[in-house]
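As written in Swiss-Prot, here are the features:
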type	residues	note
DOMAIN	10-140	domain 'B12-binding'
BINDING	His23	adenosylcob(III)alamin binding site
REGION	153-407	region 'GTPase chaperone MeaI'
BINDING	Gly210, Ala211, Gly212, Lys213, Ser214, Ser215, Arg255, Asn347, Lys348, Phe349, Glu350, Glu964, Asn1085	GTP binding site
BINDING	Ser214, Asp252, Glu300	Mg(2+) 1 binding site
BINDING	Val238, Asp239, Asp252, Glu300, Thr301	Mg(2+) 2 binding site
REGION	408-570	region 'Linker'
BINDING	Phe578, Arg613, Arg719, Tyr763, Ser812, Arg847, Lys852	substrate binding site
Amino acid sequence: MAHIYRPKHHVRFVTASSLFDGHDASINIMRRILQASGAEVIHLGHNRSVEEIVNAAIQEDVQGIAVSSYQGGHMEFFKYMYDLLQERGASHIRIYGGGGGVIIPREIKELHEYGIARIFSPEDGRRLGLQGMINVMLEECDFPTVTVVTDELERLPSGDVQAIARLITLCEYRAEGENKEAAAAAEAAIEQVKALEKRVPVLGITGTGGAGKSSLTDELVRRFLNEIPDIKIAILSVDPTKQKTGGALLGDRIRMNSINSPRVYMRSLATRHSRTELSPAIRDAISVVKAAGFDLVIIETSGIGQGDAAITEVCDVSMYVMTSEFGAPTQLEKIDMIDYADLIVINKFERKGSEDAKRQVQKQYQRSHQLFDRDVSEMPVYGTIASQFNDPGTNTLFVALVDTINKKAGTNWKTSLKTVANVEKHNVIIPNERRYYLREIAETVRSYHRRAEQQVEVARRLFQIEGAIEAAKERGEAEDVIRALETLKADYEAKLTPESKRILATWEETKAKYAAKQFVTKVRDKEIVTELTTKTLSGLDIPKVVLPKFKDYGEILRWVYKENVPGSFPYTAGVFPFKRQGEDPKRQFAGEGTPERTNRRFHYLCKEDKAKRLSTAFDSVTLYGEDPDYRPDIFGKVGESGVSVCTLDDMKKLYKGFDLCDPLTSVSMTINGPAPILLAMFMNTAIDQQVEKKEAELGRPLTPEEYEQVKEWTLQTVRGTVQADILKEDQGQNTCIFSTDFALKMMGDIQEYFIKHRVRNYYSVSISGYHIAEAGANPITQLAFTLANGFTYVEYYLSRGMHIDDFAPNLSFFFSNGLDPEYSVIGRVARRIWAIVMREKYGANERSQKLKYHIQTSGRSLHAQEIDFNDIRTTLQALLAIYDNCNSLHTNAYDEAITTPTEESVRRAMAIQLIITKEFGLTKNENPLQGSFIIEELTDLVEEAVLQEFERLNDRGGVLGAMEMQYQRGKIQDESLYYETKKHTGELPIIGVNTFLNPNPPSEDELNNIQLARATYEEKETQIRNLREFQERNKDKAGPALERLKQVATSGGNIFEELMETVKVASLGQITRALYEVGGQYRRNM
């Protein structure tokens, strides 16, 4: 067991992932170990700007900041953070960081010299281990932030943030009495603070754990800021201390979107030794913020039990937050806060039974307060859905809250918000009556297999009876014996279903077809002739598809029901009869710097290919829906790890020279949060391209009617995929930017637009497990969560009135391939489950039953140590994907562990695929996995494990209910920690990383000389200049266009249809900000 350093002082850390960076797996592991080692951790989550991190660190009076940065731009990010701390007089706060192999030794050295306390490298991780790195951080930060009072009291009345923070820390020292020197200084200071106190209302918010107090607090703060001019708010948020370790997770900040305002101060406090829901320093802390000139103090407690009501002793107005899940009505009689609270909130009011719960609470409140002369409906009990943007129930609560504060505290605040009698969910994703869909799906698959197995037993008996008849005839048995057997045979034949009879009747014909020289198939009324054998150098004919040599009817049925030939239900071996000739599944990502630079890379990648299969990686600024800017933490990320695209002009430059409507051209875009905006830019690019061709052909501008014809033809012809999978973003990758319901609404709008305009060749979503795997999930979890997400989209689109066969063909999937054994069958299991469910449960047609998926080799399996070995891993993963008949494949470059791929590394990655498909002999056969005992066993094992995961998700309220409970994220993080622990202990051997180590490791100079693909300063400047030129050119049109977009969104219209127009005159960042106003920002979860 590793030694754990236990700090002598209360060490506090702010932890986060850097701006435009969703890779939070490692920082979550770090913050967990920090807590377990005794630190108080204020976790901000992913995608945090330097400004947000520094503000939080100063307000929280921490000793250290720990940030992970995996998306490039780290030099600017960390230096800017250091500079900002110096500028704001907080030079004592130490900065720690890490980014795997992305931050190379010379950059680490430069950052250390600049003043960053420590940037941990993969070598540090190997040498020190996870706990060892945490020990270094704790030991270096084990000091008090304040011991004496200097000029804090003079700076306090002006609201100086550092003065407030330091004085609250002194309040904590005073309450504990452990630091005698600090406690004495605090004693004197607090007496002076009390003399400066003003009369300020204090709102206390308390409630059960998990009731949504932080989200509700954030929504109330947003309304206070919007409704009451110039109001200044202080929030004191309390979370429990772990008595065993002394550590605490102070997690309320992560839920707050409204606090990044100069009018808001927030401080997180741990309960430490108080043994209640409040910090022992809470009264003194309230005095400090009152003296600092705030107009409202909000106290949010940790989760409480039935008998807790301490909040009422320190506030003027108290609010109790609960949900409908309190058990029997008699339980309400035990809740002290119902006796004391001024306002009671039933949050998460969309849940079943909330209306009944509200009435029960109203009755209990009426009894507790002896208000029998008033109608029960007048009791101050309010239903809210705080997670819903601009929730009418929260508006009604806010109006009542302002009225209560005015009455009890003598304020004269006004609000223009309207009240409602009934609270409803605006955009219901899964209707209540469909909430058990995942359990139904699991049962559908098992039922199919049970029926198949029953048919197998019938067919086997039939085969045995036929054999007995034949044997009896050969021996010359009596006619009555043979008649009895014939009768028995007829009985068993009658038990066969028509489908089973058809399979058996056509089996020999099927075998004959595949034994022929050629095979003719039809795809969309077009005949395709396929040669069925390939001659080896030795002169043997290798068949494309091999069928089993079964004679037993039972074995034939089992094989067809569970496996079947590629292109036939249940599509276990593949959704098409044969691979497409002349178009390998090869697809290579590109994305770096400016659109012009990436365009050149695209042309380089496919210069020798007839088929142009382009996959686009966007930089993190684009992934988060923002525009390039000179601010250092943004500037450093522009064009790093992807291409910068923020206008329609950029999109046109990106695909210049490619005919986007050529049947051999296909474009995939890896974009999620702002996907509707980028997709609108892409579709406009394709349309404008065809319009220009048509106008050149005609020698004149098109008429409006001709333009519409070209537009419709383009939409129906263009091929490609946009990722746009918002569920997996919340669960794993974290590039969510809009509130989840609003983001899903836009996904549905895209699909409705596709149906209306008959977009048949473009996938509206790529339901992705890749990023779930990259965040740390094992292969079974990846597959289960991804398929569950897919079925959730199916249920949502059906609830919007779309027909299954109108949208299912627009759904595609995306998986990772690692080296675990389960990856050998990930495609087989996915195809079989999808096909069975689509046919048996949803009544979908053949096209809708076919699950098509892209594979990318595992990025997580690429290691910064011995990077040359990565190509070996990638080769094995690519081989698995090709054996399993994936529809499209991207092979990672070996140097992606440390940089955006270079031309040399990309060429090697492409060669891996080419060698497998062109040189490796067994790939001439297209069903090499069929007939393998281990593959069949693994397929069944993985399928059942996936169905069990569906049931676990179902029991938590389906995919969305589980997301609310953080089930998926928690499971992914647990599996990530398990993997990392095994890797660090060496139990999981990783060649070149923890075993078979290089006896002559590369020197620091050699590591520093590795070629890195980075965007240049000039490229970043070019993007900003181009953006501003676009905005200037459209300055008169952008405002009205954005207003129209907001109007469509608020009126429930099709947002994507309007975006097709908006993108012509507004930039990505402008559109994103407009949509935030009407749809709300994503709220991070712990």
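Keep in mind that glycine also has a Cβ here, set from the backbone N, Cα and C atoms.
Features per Swiss-Prot, on structure.
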residue	record	contacts (Cβ under 8 Å, 6+ apart)
Gly210	GTP binding site	Gly303, Thr323, Met965
Gly212	GTP binding site	Val321, Thr323, Asn347, Lys348, Ala386, Ser387
Arg255	GTP binding site	Ser214, Ser215, Asp218, Arg1083, Arg1084, Asn1085
Glu300	Mg(2+) 1 binding site	Ile205, Thr206, Lys213, Ser214, Thr217, Ile235, Leu236, Ser237, Val238, Asp252
Thr301	Mg(2+) 2 binding site	Gly204, Ile205, Thr206, Gly207, Lys213, Val238, Glu277, Leu278, Ala310, Ile311
Glu350	GTP binding site	Ile385, Gln388, Glu424, Lys425, Val428
Arg719	substrate binding site	Pro663, Thr665, Ser666, Val667, Asn761, Tyr762
Tyr763	substrate binding site	Gly720, Thr721, Val722, Asn810, Leu811, Ser812, Lys852
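Reduced to three states, the DSSP call for Tyr763 (substrate binding site) is strand. Looking just at the region 'Linker' (408-570), the mean pLDDT is 94. Looking at His23, Lys348, Arg847, Lys852, the binding-site residues in this record, the fewest other C-beta atoms within 10 angstroms of the C-beta turn up around Arg847.
Remark: Asp239 (Mg(2+) 2 binding site) has Ala248, Leu249, Leu250, Gly251, Asp252, Ser268, Leu269, Ala270, Thr271, Ser302 as non-local neighbours, by Cβ distance under 8 Å and separation of at least 6 in sequence.
Other than the site residues Ser214, Asp252, Glu300, same-chain residues with C-beta atoms no more than 8 angstroms from the centre of those residues' C-beta atoms, the Mg(2+) 1 site, are Ile205, Lys213, Thr217, Asp218, Ile235, Ser237, Asp239, Gly251, Arg253, Arg255, Met256.
DSSP states for the domain 'B12-binding' (10-140), grouped as helix (H, G, I), strand (E, B) and coil, give 68 helix, 29 strand, 34 coil. Counting Cβ atoms from all protein chains shown, Val238 (Mg(2+) 2 binding site) has 27 others lying within 10 Å of its own Cβ. Comparing C-alpha positions, the residue listed as 'adenosylcob(III)alamin binding site' sits nearest to Arg613 among the binding-site residues Phe578, Arg613, Arg847.
Long-range Cβ neighbours of Phe578 (substrate binding site) (same chain, at least 6 residues apart, Cβ-Cβ under 8 Å): Phe519, Thr521, Thr530, Lys544, Val545, Pro566, Gly567, Glu926.
The most densely surrounded of the binding-site residues Ser214, Asn1085 is Ser214 (count of other Cβ atoms within 10 A of its Cβ). Summarising the environment of Ser812 (substrate binding site), the number of other Cβ atoms within 10 Å of its Cβ, over all protein chains shown, is 24.
Around the Cβ of Asp252 (Mg(2+) 1 binding site), the number of neighbouring Cβ atoms within 10 Å comes to 24.
Taken residue by residue with DSSP, Gly210 (GTP binding site) is part of neither helix nor strand, so it is coil.
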